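Peer 1: What follows is a single structure, and I will ask about it in a moment.
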Amino acid sequence: MMMFALPALVLIPFLGGFAAWIAGLRGATRPAWAVSLVTLILMLLVLVNVTLASLSAGTGGWFAHFSMPWIPLLGINLRFDLDGLGLVMLWLNALISFPCALLSARNVSERAGLFHFLLLSTIAGINGVFMATDLFLFFFFWELMLLPLFGIILIWGDAGRQRAVLKFFLFTQGSGLLMLLAILGLVIVNAQRTSVITFDYFLLSQTAMITPVAGVLMLGFFLAFAVKLPMVPFHAWLPDTYAASPAAASILLSGVLAKTGGYGMIRFVVMLFPGPAAHLAPVAMTLGVVGILYCAWLAVAQSDIKRLIAYSSISHLGFILLGVFSGTRIGMEGAIAQMVAHGLSTGALFVIAGLLEDRLGTRDMAKMGGLWPAMPQFSAFAMFFAAASLGLPGLGNFVGEFLVLMGTWQVSHTMTFFAAAGLVLSSVYSLTMMLRVFFGPRRSEASSPLGALSVPHVAVLGVAALLLLALGVYPQPVLNLSVPASPHSVSYAQEQAQ
Amino acid sequence: MSFSFLPNAVLVLCLGSLVQLAAISWRRHVARDAVLCVIVLLASLASIMLPTFLIMTGSLPLFSSDSWGSYAGALIILSVIAIVLMSRHGAISADPSVNSEYFILLTLATLGGVAMTCAVNVISFFLGLETLSLSLLGLIAFRNERLDAGEAAMKYLLLSGVASATLIFGFALIFAETGSLRFAMPDLSHLPEPMIGTMGVILVLTGMFFKLSAVPFHLWLADVLEGTTIPVASLVAVTSKIALFAAMLRYFSSVNLGVPSAQVNEILIVAVLSMLGGNLMAVVQTDLRRLLAGSSIAHVGYLLVAFLSPQPFGVASAAFYLAAYAISTLGVFAIMNGVLPQGRDIREWHGLFRRKPAAALAMSIMLISLAGIPPAVGFFAKFYIVAAGVSAHQILLLFVLILSSTIGLFYYLRLILIMLTPAPEGYVSRAELSMPTPANATLIAVLACATLVLGIVPGALVDRSQGIVVTPVPIPVHSTIP
Amino acid sequence: MNAADPNGALIVAVILFSLGALGVLVRRNLLFMLMSTEVMLNAACLAFIAAGNRWHLADGQVMFIMIVAFAAAESAVGLAIILRMHAAGRATLDADTGNRLGG
Amino acid sequence: MTPIPAIVWGVSLVATLLPLVIACPLFVSIILMLTGGKLPARATTLLVGAGMGLCALFAVISAYSFLTGPDSLGALHVVLWNWMQVGNFTAQIALSLDRLSLVMMLVVSCVGFLILVYACAYMYDDPDIARFFAYMTLFVASMLLLVLASDLLAVFVGWEGVGLCSYLLIGFWYGEQANAVAARKAFVVTRVGDALFLLGMLLMATAVGSLDIPTLLAVGPHAPSTTLTLGMFLLLGGAMAKSAQVPLQTWLPDAMAGPTPVSALIHAATMVTAGVYLLARLHGLFVLTPAAMLACAVVGFVTILLAAGSALVQTDIKRILAYSTMSQLGYMYLALGCGAWHAAMFHLVTHAFFKALLFMAAGSIILRVHHEQDIFKMGGLRKDMPWVFTAFLIGSAALAGLPLITAGYFSKELILGSAYEVSPIFWAGALFGAFLTSIYIFRCVFIVFWGGHRTHAHGRSGMAMALPMAILSVLAIAGGWMEMPDAIANVHIFSNLLSPVLGALPQEHGTSLLIVGSLVPIAGVTIAWTLWRPRDVAPTPAESPAIATLRADWGFDTLYDRIFVRPFMVLAHLNRRDFIDRFYDLIAALTQGSGQAIARLQSGQVRRYAGWIAAGTVAALCLAV
């Protein structure tokens, strides 16, 4: 049963998306919405099933495996494998996808069917990325998940979306082609060594260990993921894109899509090319620290709330880079925890930003101010997530950042020092946001009357808050589960493969 | 004493054109001629699969039939069938561009193309080439009521005249050196005056690059595409290029392109120029056809990457890429023809997703395929080419390819973006939407499906293309001067 | 040198070819440009004849005949097109003026 | 490796009550948050009173049963759950009760209880009362966690939680921009310290492998001394920021923007003392790093004088108290620096009493003179509010350290004595500080309560406000009598209580110091009387540039603004469009340009096309030949 669970995780959302599209063809919003919710719930159930099976299999190593030939002549298979890291990422994706579907109900009025189709196929693509262990398949999903997002941003986005979305696509695709080059290089090298053409992650990992050109190949992977993460100086696409995206898209982008970069860094850079990655580490970590400080600094100056959150998000992602390349287990775990926590907190912040834009009709914080009395409940949520994103102990982000810093400390004291300075800056911009939006005298006379929160909003924000709290006070389950399995650890899945 | 085949397709097409002529001379009936044309093409397609009927013995082998030839031939015939399907636009009598001769010319063009694909002798190659270009000339000039058509034809005539002359002069020089008309690049090292031989090869390359419209010999393409009807434009952009690329591949099949030499360097430079030039040119175009011209130039550049990458992937990837390119480009042209015949200015395409969602969707699929994004076939084609390049360590070419296809993404995506967004204020649309004919509609549907299916399960086509081999023509050696 | 000396003939052919090319480049009258292309083709013919002579092969003559045939067809079509353009309202034979395509 | 028996939650009475001490205020806070201000004011106040009462009660009970219990000399270790465990690093959520944390717990819970009762009356009419108490109780909860947590990382949770709550409370009246800004400032400045604290923890964790405080104390001494010193300096930095010591003191005066009970609770009794407590908790490591101790002493020394100096010229009653807090904390740091842990803790306790008292009194004054805070607009309040006057007088006396009758006296004497041990300079400075203290506080007393009316008070403070003040007044006087020098009376309750943890009390010095220390405050009071005794003309604040600087905290604020804040913001705004982004735009422009150039080749002139073909061919030929 486990075998077919993995492809099901890709197929269910995709087919569900089709169903939603059909349902929405007659212009009705409700049915499409309902269908996509049902689909997500179905996906969640499968995921739960997989998780239970994996937990019974015990932590560490590879839990599940699926493989069938795709293009046999080139040794390309439809191969999925699942390890702890992938599982945690899948969960993050599933959790983030709910608000996207739930909250879209109000701000996607027309062509809802199409919207849900695009949304669900994005989610399917992301699921695929987190499970694919055939490099061609991985690349296929990697490119595939962007396309529907392109549509979502373009159709339902805000002003300036054309430029933003083109930028987004050129950056990601261009870097993706570099990765393609690296993949093929690895395959060819492997073919020359073993005279067998294969795209299998596990088989290639053997070659990746020993080939002299590993450094160059790794660079191709690294750049692709660095753009997606994003790492300074490849971050230029992100603020524009986040700002121009509709709420659902920016939630998905910041919540999950950025994490695919971190995931790739772990699975295809550090795990596949340990040696070269170690050589690259100082550079990568330096860039990570630079990103933390530089983008936090930029965030302070933004007047568009979405741009502020976007820059803050880049700044936090710097910690992931730091942790992944610290080369210590603790740093790696921290990076993973940070991915999850950041996904939740930033996603929630984008929900809030989207709602503000919804209610006030502007993203300019100069036009806001003194909103607390107008929407106390909502403001309290905002305060919570702002606190989370400035790394308040007891909330998820702190666990991630602390572990990352600890891992970094064992490598370099100065970097840790500067990263910690980033914590101070994060408090500056988070509180500046609170100050300019919610505190101070009421400035937004022009704004429409601000009603209470809708039930879905409360549910979404509440769940996110609870999860962050849980992750903050008792992260152990996640830390235990999310251990990335190395390609060399021969698991029963692999034995089945041979 | 060597055998020479007369490929079935050539035979069938000759007979077919005769039949068509006879039919016309009996009584003109456009619909019938169109059907006849399709029948002839289908027959020739079927005949490719069959073993060769006619094996004549002679000292002068003109044609060989190998898998490469038949693959390219089949591709050519299919593309022409597609063109015929899209040609029947509007009421037949109303559109003078579609008369009986039109279909004969199409058949002849096919004949020329097929002949080129399997020619192993300069004579047969030249024959095919000129049959193709003369009938093209006729087709370009066909819309005699339009001044543009005339101008386009005139330009094509003059320039292709120059190109053919250059080509044939090159052959003459080589013949003078080697004393053989075999259609294969001579081994320059064993010639009395290698310089003349090299000159000859360079001139031949010039002619070929012109027909392929590779930078810097590309300038005619945009004008011609702009000037002529859409079906003919697609004939120029797809069929003739397939034919010529097939012939070129055969011409160089006997030499190892891995080792650098004058002509290899030239091809390399031209490939780089074409990839960059084509995309850069397309980025700034506002006329859709000129944009497509740029894109097709760029794709020639990509093809040359495969061309420069030897076995195992070289030929296979080239074959696959030809198919992918043909499908997507024909698709774009078919949609233009069916939905927005006057949609020259890209701004005409604003908001197509609202007005004609299905067509817009199909168009986007084609564009995505051309841009090389999954799940369209173009993605796998590009992947295949890059694989070939990597296996041949063509680092420079690959980086140029990545750079240029990133540039290329820009305008393909911008088109999709335009179709998704409503027209800007103050722009008055001159083109009105038209309903595609059933034939055209089916064509679009088939091509769209093919694009997606081949993109998701390319296995079958890969197997086919992996099986392809180019039987190298024996290299003309320098026989002693009596 | 006798007329059959292949190298001499080749040199003549090259000169002829370049003349033709030059003609295409410098002449503005479409007719003359057409004729220049014919000149280039004829240069090719000459080269083939000479080469055929050099190797005592008939192939040269074959090519010669074919090229001539092609040249004839090409010029015929060319003239037809020029006539058509004239009929369609292009007043001049000047290649540089009255171009509508391009840019 | 820990010498302490780890007890799992629920086996013994203490182990059961200890978590509840934290849980009570926490639950109150959560309830208030979830109800979102829908509760009526009365219900809210009752809830808070009950919650805090229970908290204080549990604290007292567990304290009692601990002291009477078997391991009253050691510590009680209650493991709640494993927080995180990665590789060889483990962090636990565990509480540990020893005599030190016991004292602190009692102070926090009991004084906190009193202050919240007071606050119930003070804030009763505020529409946002529920939010206020949600923050307040959450604050108490995190402070208790800070006090009781046995793992440094868990301490950090409380540490930051306290910071967040103070941020929320300072900005409680967010309607005014200024309050919100002050709140942000307070958080950011303390956050600087927190970052240092975090780095210190990282260093310790890597050196020792655990952040469990007993383990640290046990294993830490074996760590290389440089590491230890660096770590201690970092922790000291964190503590200084929390305790508003120079040079990180600038946030405290602004923090008076919050309601007065907030000032009483946070900026007098509890939060600012967290740093002192932390250092006392780690004294076992602290003694090993003389450099850090010296630094600590110097910081305290400087702070005493600077703060006292600017307190001398303030006009806002709450600011006066704020600066007095700073300088009193300076005494504690001086004591810590001199290794006089008992003295520091003792002063911490007494200071909590009288400073809370002072703030409460000030609060009731402010409340009854229409939120007027400028002392020069008050006057002659002695008759209007005798009880408040008495309370304030007692508080001031304790702060000034009037001999024998006040708690402040004894604790300060203890500090002065130990300062003298280390260096007479410290002693002299501290003494001078005491002199200034008595001057500025009695300046305030004389101006506010004597002289003619300049504003008229209304209403009277209710029972809920009077009672806590009464209790604290008693403590402010009698609190000192549990620890007296032998010269006066041989009472050592406090030091005996703490000595199992902090070691024995250093031996006494001559009575001469004692006498000097007793005379100085009296001299100060007399000077204050001569300067500000009631005259026919209303007193006015002396004005001069120097005094203005003094009043503005010696210009630290403006200095920081010039050096850090302004450049940072200006540059940020210059680069708000992100020059890296601009760079990519440049690339795009270049592409477009070259595209234009290439497209321009297609002029439509057939001869030019032919020219290009010829050129290409010729080029190829040249390349080939």
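First residue shown is number 1, and so on along the chain.
Note that Cβ sites are derived from N, Cα and C of the backbone, with glycine treated the same way.
According to TrEMBL, the protein carries these features:
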- B:119-407: domain 'NADH:quinone oxidoreductase/Mrp antiporter transmembrane' (DOMAIN)
- B:35-56: transmembrane segment (TRANSMEM)
- B:68-86: transmembrane segment (TRANSMEM)
- B:122-142: transmembrane segment (TRANSMEM)
- B:154-176: transmembrane segment (TRANSMEM)
- B:196-220: transmembrane segment (TRANSMEM)
- B:232-252: transmembrane segment (TRANSMEM)
- B:264-284: transmembrane segment (TRANSMEM)
- B:291-308: transmembrane segment (TRANSMEM)
- B:320-340: transmembrane segment (TRANSMEM)
- B:361-385: transmembrane segment (TRANSMEM)
- B:397-420: transmembrane segment (TRANSMEM)
- B:441-462: transmembrane segment (TRANSMEM)
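Describe the structural context of each listed feature in the structure shown, including burial, neighbouring residues and relevant distances.
Peer 2: Through the fold, the transmembrane segment (B:68-86) approaches residues 7, 9, 34, 37-38, 41-42, 44-45, 48-49, 103, 106, 109-110, 113-114, 117-118, 230-231, 234-235, 238-239, 242-243, 245-246, 249-250, 315, 319, 322-323, 326, 330, 333-334, 337-338, 439-440, 442-443, 447, 464-465, 468-471 of its own chain, all at least 6 residues removed from its boundaries and within a Cβ separation under 8 Å.
Sequence-distant contacts of the transmembrane segment (B:122-142), counting only residues of its own chain at least 6 positions beyond either end whose CB sits under 8 Å from a CB of the stretch, comprise 60, 62-63, 97, 99, 101-102, 105-106, 108-109, 111-116, 149-150, 152-153, 156-157, 160, 164, 167-168, 171, 175, 181-183, 211, 224, 227-229, 232, 235-236, 240, 243-244, 247.
Remote same-chain partners of the transmembrane segment (B:154-176), defined as residues 6 or more beyond its termini with a Cβ less than 8 Å from a stretch Cβ, comprise 122, 126, 129-130, 133, 136-137, 140, 186, 196-197, 199-208, 210-211, 217, 220, 223-224, 227, 476.
Within the same chain, residues 129, 133, 155-156, 159-160, 162-164, 166-174, 176-178, 185-186, 188, 240-241, 244-245, 247-248, 251, 262-263, 266-267, 270-271, 273-274, 276-278, 293, 296-297, 300-301, 304 sit at least 6 positions outside the transmembrane segment (B:196-220) and bring their C-beta atoms closer than 8 Å to a C-beta of that stretch.
When Cβ-Cβ distances below 8 Å are used as the criterion, the transmembrane segment (B:232-252) is approached by residues 68-69, 72, 75-76, 79-80, 82-83, 86, 106, 109-110, 112-114, 116-117, 119-120, 125, 128-129, 132-133, 136, 139-140, 142, 183-185, 204, 208, 211-213, 221, 224-225, 289, 292-293, 296, 300, 303, 307, 315, 318, 322, 325-326, 329-330, 333-334, 470, 473 of the same chain, each at least six residues removed from its ends.
Long-range contacts of the transmembrane segment (B:291-308) within its own chain (CB-CB distance under 8 A, at least 6 residues past either end) are made by residues 212-215, 218, 221-222, 225-226, 233, 237, 241, 245, 248-249, 252, 257, 264, 267-268, 270-283, 285, 314-315, 317-318, 321-322, 325, 329, 332-333, 346, 370, 382, 384-385, 388-389, 392, 394, 397-398, 401, 404-405, 408, 411-412, 415.
Within its own chain, the transmembrane segment (B:320-340) has Cβ neighbours under 8 Å at 72, 75, 78-79, 82-83, 85-86, 89, 230-231, 233-234, 237-238, 242, 245-246, 288, 292, 295-296, 299, 302-303, 306, 348-349, 352, 356, 359, 362-363, 365-367, 369-370, 376-378, 380-382, 384-385, 431, 433-437, 440-441, 443-444, 447-448, 450-451, 454, 458, 461-462, 465, counting only residues six or more beyond its boundaries.
If one looks beyond the transmembrane segment (B:361-385) by at least 6 residues along the same chain, the residues whose Cβ comes under 8 Å of a Cβ in the stretch are 295, 299, 302-303, 305-306, 309, 313, 316-318, 320-321, 323-325, 327-329, 331-332, 335, 339, 352-353, 401, 405, 408-409, 412-413, 415-416, 419, 444-445, 447-448, 450-452, 454-456, 458, 462.
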